[in-house]
Amino acid sequence: MACLELSKEVKLKGEDVECTKDGSVDLKGNPAIRETSGKWVAGIMILLNQALATLAFFGVGVNMVLFLTRVLKENNADAANSVSKWTGTVYICSLVGAFLSDSYWGRFKTCAIFQVIYVTGLSLLALASQLYLLKPKGCGNRTTLCGEHSTMEVGLFYVSVYMIALGYGGYQPNIATFGADQFDEQHPGECSSKVAFFSYFYLFMNLGSLFSNTILDYFEDEGMWALGFWASAASAFAALILFLGGTARYRHFKSSGNPLSRFGQVLVAATKKGKVKAPQNEDDFYQGEDDEDTTGGRKMLHTHGFKFLDRAAVVTSKELESQKQGDHNPWRLCPISQVEEVKCILRLLPIWLCTIIYSVVFTQMASLFVEQGDAMKTTIANFRIPAASMSTFDILSVAGVIFLNRRVLNPLVKRFKKCKEDDAGLTELQRMGIGLVIAVMAMLSSGIVECYRLKYASNDCKHCEGSSSLNIFWQVPQYAFIGASEVFMYVAQLEFFNAQAPDGLKSFGSALCMTSISLGNYVSSFLVSIVMKISATDNMPGWIPGNLNKGHLDRFYFLLAGLTLLDLVAYIACAKWYKNIKHSEKIQEHEEEDKCEV
């Protein structure tokens with residue numbers, strides 16, 4: 001009815017007002033007007049915000065392994081582990097941001113607050129590096145190592161980078177979902193735009209890192225770390241201003257309350273009714289009151305999996321008597337839609353777990369790929385190519401494969417399937433499986449390159465930077481494979497978790513994607529530690545020693561290829577088992593309210 005009331009106000013101006021049909025509202029809580037809110041105007045502002053924020057993040061993250069070895073003087077294995085743990089913390093913080101967004105703050109407020117923390121952390125890192133860490137002046141390049149640092153100086157560094165982790169991590173899953181909120185999935189034109197948004201989101205994220213991986217990477221590799229960090233802080237500040245500039249245009253969804261209590265209610269109610277038999281007729285389950293909105297969105301249809309949870313929606317004689325008295329205990333009786341919300345998350349977990357090994361592969365690009373490239377021939381004439389800048393080929397691969405996927409592969413698949421729907425190409429689950437296959441190819445390529453790098457390497461070196469005559473451009477295939485796999489895996493993950501998560505947990509759906517990256521970093525760190533502990537015995541240097549020419553990094557890459565292949569088998573089984581979420585209806589006003597005119 002709110003939309004009709006809004007249309008009455010507009011009647012005085014003689015205008016017809018069409019509201020969105022997905023339940024989105026404006027900043028004041030009124031129904032969002034289609035023509036003056038959201039769509040690509042807001043979407044492009046969010047994409048540009050993402051590009052600038054990502055530029056800032058990778059301005060710090062892409063070279064952190066070199067900063068740790070050259071400035072803080074950590075060895076290769078410790079630096080790789082530190083980067084993995086830090087990157088993992090970035091993405092584990094996404095759960096914090098998603099929880100606050102879905103439960104209390106809403107996506108706009110959450111994005112704004114965490115971006116402020118992000119800018120503060122970047123500014124502190126730039127200040128700490130300039131005043132305390134880069135001593136003597138000009139240190140931190142390939143030839144001049146920095147001096148010793150006090151515990152306070154090292155502590156200041158870690159406080160700043162973990163503030164960056166909190167700020168970027170808390171903001172990232174919400175900005176992806178907030179961008180998708182700008183498109184009404186019940187409107188044919190906007191629905192297709194919403195699907196396209198996730199591809200462009202990932203593309204802009206990679207384009208944002210392109211500047212970091214080329215220009216900023218070059219300056220930082222030459223020892224101008226403070227300049228690179230200040231540039232990152234300025235980019236993040238510009239992203240924040242741009243984001244706030246679109247405030248009047250954005251569409252919003254109201255937060256749905258604490259999901260932990262809703263989950264707890266279902267589990268407790270089902271446990272208390274352990275001996276109650278669920279009815280055969282789906283209509284006999286408790287549907288909730290007409291004005292009762294426990295999940296913050298569309299009601300979901302009953303499904304037959306996890307039947308033990310159905311007991312939470314069974315109305316016993318005791319609950320029936322309580323209802324007659326107007327008393328309802330949510331810890332004994334839950335609407336079936338609330339039960340289905342729990343089932344939905346449980347179904348997502350096996351798919352999510354199968355993406356973690358892929359993230360182990362992905363994280364090598366920021367650590368071991370850089371160390372491997374640094375030990376190769378990095379010069380062309382008198383120009384030296386920073387090892388971290390090779391991730392440019394990953395970005396170019398992402399851009400190219402996104403274009404090929406949308407313009408070539410999807411149309412071919414739709415023609416083969418004889419479908420005309422805009423989203424009738426490869427499903428999200430199929431694309432994620434393809435991503436795992438390409439990830440195996442990436443690790444095999446990396447291992448083969450490392451075999452040849454060792455063949456042309458010199459063991460008699462101290463730091464071994466550029467100690468192999470094999471050109472660094474032999475790394476291009478492994479970066480290209482990683483980029484291609486990202487498009488199939490991470491873009492599909494964003495789409496899949498956003499589409500399959502309950503309406504009240506959309507940010508949590510995006511956070512699941514990022515949390516798999518987080519756990520992938522932690523698993524990578526764990527694998528490196530285990531491999532070094534097992535391989536570095538009997539006076540052997542291990543697979544990943546400080547001097548890579550005395551190790552066997554190739555064996556580690558082949559190990560990851562084997563683990564990813566096993567993960568692919570498990571993923572196929574989980575994908576076949578998975579059943580898509582089903583809604584009983586879309587959130588919308590009554591039919592006569594769809595067109596808000598009087």
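Glycine is no exception: its Cβ is also placed from the backbone N, Cα and C atoms.
Pulled from TrEMBL, these are the features on record:
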- 40-66: transmembrane segment (TRANSMEM)
- 86-105: transmembrane segment (TRANSMEM)
- 112-134: transmembrane segment (TRANSMEM)
- 154-171: transmembrane segment (TRANSMEM)
- 191-211: transmembrane segment (TRANSMEM)
- 223-244: transmembrane segment (TRANSMEM)
- 348-370: transmembrane segment (TRANSMEM)
- 390-409: transmembrane segment (TRANSMEM)
- 511-536: transmembrane segment (TRANSMEM)
- 556-578: transmembrane segment (TRANSMEM)
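Residues 77, 80-81, 84-85, 87-92, 94-95, 97-98, 169, 172-173, 348, 352, 355-364, 367, 490, 493-494, 497, 501, 542-545, 552, 556, 559-560 of the same chain lie 6 or more positions beyond the ends of the transmembrane segment (511-536) yet place their CB under 8 Å from a CB of it. Tertiary neighbourhood of the transmembrane segment (348-370): same-chain residues 61-66, 79-80, 83-84, 87, 387-388, 390-391, 394, 429, 432, 435-436, 439, 442-443, 446, 475, 478-479, 482, 485-486, 489, 493, 496-497, 500-501, 509, 512-513, 515-521, 523-524, 527, 544, 553, 556-557, 560, 563-564, 567, 570-571, 574-575, 577-578, selected by CB-CB distance under 8 Å and a gap of 6+ residues from either end. Of the two recorded stretches, the transmembrane segment (40-66) does not lie close to the transmembrane segment (556-578), with fewer than three CB pairs under 8 Å once pairs fewer than 6 apart in sequence are set aside. Under the criterion of 3 or more C-beta pairs below 8 Å, with sequence separation of 6 or more, the transmembrane segment (86-105) and the transmembrane segment (191-211) do not qualify as touching, having fewer than 3 such pairs. Of the recorded ranges 112-134, 191-211, 390-409, 556-578, the transmembrane segment (154-171) has the largest number of C-beta contacts under 8 angstroms with 112-134. When each of the listed stretches 191-211, 223-244, 390-409 is scored by C-beta pairs under 8 angstroms to the transmembrane segment (112-134), 223-244 comes out highest. Tertiary neighbourhood of the transmembrane segment (223-244): same-chain residues 45-46, 48-50, 52-53, 55-57, 59-60, 63, 67, 71, 111-112, 115-116, 118-119, 122-123, 125-126, 129-130, 133-134, 138-141, 144, 212, 216-217, selected by CB-CB distance under 8 Å and a gap of 6+ residues from either end. For the transmembrane segment (191-211), the residues of the chain that approach it from at least six positions outside its boundaries are 39-40, 43, 47-48, 50-55, 57-58, 62, 176, 179-180, 182-185, 391-392, 394-395, 398-399, 402, 405-406, 422-423, 483, 486-487, 490-491, 494-495, 498, judged by C-beta separation under 8 angstroms.
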